[in-house]
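Remarks on the structure that follows.
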Amino acid sequence: MSMKFMAALAFLALQLIVMAAGEDQSAQIMLDSDTKQYHRSSRNLRKRVHHARHDVAIVFNVEHYGAVGDGKHDSTDAFEKTWNAACNKLSAVFLVPANKKFVVNNLVFYGPCQPHFSFKVDGTIAAYPDPAKWKNSKIWMHFARLTDFNLMGTGVIDGQGNRWWSDQCKTINGRTVCNDKGRPTAIKIDFSKSVTVKELTLTNSPEFHLVFGECDGVKIQGIKIKAPRDSPNTDGIDIFASKRFEIEKCTIGTGDDCVAVGTGSSNITIKDLTCGPGHGMSIGSLGKGNSRSEVSFVHLDGAKFIDTQNGLRIKTWQGGSGLASHITYENVEMINAENPILINQFYCTSAAACKNQRSAVKIQDVTFKNIHGTSATTAAIQLMCSDSVPCSNIKLSNVFLKLTSGKVATCVNKNANGYYTNPLNPSCKSLHPGRTPKELELHQKPTTLLMDEKMGASLNSSPPNCKNKCKGCQPCKPKLIIVHPNQPEDYYPQRWVCSCHNKIYNP
């Protein structure tokens, strides 16, 4: 092969390399200041954000794509360009730098994108305060079809909703009536999997702040959501048709629900929630417009409700159908909260009374455990269930609520069936007393009735042979114990074990 040919080939290869580099120059040639800023602002999040194959993060700073962080100029196009450049890169970081304020109109951030994609807000993203300048969209920032996506940062996402509220709300006969037409949600995430939202502050959305639709596997940690007490429909976190959510250590104060779980949702876990002001935590509303709704396996463990309009609320419309079940609230403190415990199957937004209908969403298997504090309303517990589809298996355990004034609160119960274990204050007369949640030894014949734990079927079961089953402890004897002692009187799942000196061993 001639030297001239070799030289020409080398020159062609060099040209291709230069062309490829030029196509993605803004992404690959990173300024030292951007990289330093990203790592500096990520120190507190470093343990929380990691990449499965230890890929090197590529930072896409919105300023490099034309964004101007002076709080005046429109940076919408620059944000779109940044997203388009970052979406196709593995371990990309879309960076909104600190100490800058970027004004943007509505944005669409659609995937699919490469894995380990982070949208990092360390500065402020602000919406246009004037509704007249808003594009015709019900969503300000819409994320969709993403997998392994992080929305995080120490910055602020400000919906600047004041003008929306003042322009669309009027007081009629002492009642505030708002026109929700056109008022946008701040952030909506749809059709996405393995999503994390961390540390951000969301404030003053014209309507809902953070909404999820048809998502699977979402973690929300340490975010703050703020809006005035009288801001209309400014829900904090709304979840629809989604599953496997973990919400932890969030502080939310708005003009509506702090957290709302809507139809089609299941396996929702919430821990260490601080709510107030707002309308508390809601399941629903469900069954609107005679629709069918399903919600199951919602667990709130650890919460504080401060000066809220409601505490723990399940709300359904008359005429609907479906099921809301396996809902547990525990370890909750109420501080001057109105309606601390509320099941309302007569939910209605009309100024006039809604017509009583025969069908309703069924509510069953709901537990309120370790709930204490003060109520701003006389009825601290309200179990208002459907006439035709009563609530079943409602359980109250260690509930102690009194009025903020120190006076005795009351319980209002309509068509709610279930039981309680002491203490229960205020008392709910129609609920039945249940057994205390401790292991109960039953002295029965060698052959006894055993309730199958999963199916509830009756079985004949003989005591096991416990010889050599207690790891050297003597005497080792059969013992019948309650598996779930908090179940109602008519259902006591039991099983045989081997016991020695109050220690339990599997037979």
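Every residue gets a Cβ built from N, Cα and C, even glycine.
Lifted from Swiss-Prot, the feature list:
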| type | residues | note |
| --- | --- | --- |
| ACT_SITE | ASP256 | active site, proton donor |
| ACT_SITE | HIS279 | active site |
| CARBOHYD | ASN267 | N-linked glycosylation site |
| REPEAT | 215-241 | repeat 'PbH1 1' |
| REPEAT | 242-263 | repeat 'PbH1 2' |
| REPEAT | 265-285 | repeat 'PbH1 3' |
| REPEAT | 295-316 | repeat 'PbH1 4' |
| REPEAT | 324-345 | repeat 'PbH1 5' |
| REPEAT | 358-385 | repeat 'PbH1 6' |
| SIGNAL | 1-20 | signal peptide |
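Counting only the Cα atoms, the space from the residue listed as 'active site' to ASP256 (active site, proton donor) is about 5 angstrom.
Remote same-chain residues near the repeat 'PbH1 1' (215-241) are listed as 48, 161, 165, 168-169, 176, 178, 180, 183, 189-209, 247-265, 268, 275, 277-278 (criterion: CB distance under 8 Å, separation of at least six residues from the stretch ends). Here the repeat 'PbH1 5' (324-345) has a mean pLDDT of 98 out of 100. The two recorded residues ASN267 (N-linked glycosylation site) and ASP256 (active site, proton donor) have their Cα atoms spaced 23 Å from each other. Cβ neighbours within 10 Å of the residue listed as 'active site, proton donor', excluding its own Cβ and spanning all shown chains: 23. In the three-state DSSP scheme, the residue listed as 'active site, proton donor' falls into the coil class.
If you draw a 10 Å sphere around the CB of the residue listed as 'N-linked glycosylation site', it holds 16 other CB atoms from the protein chains shown.
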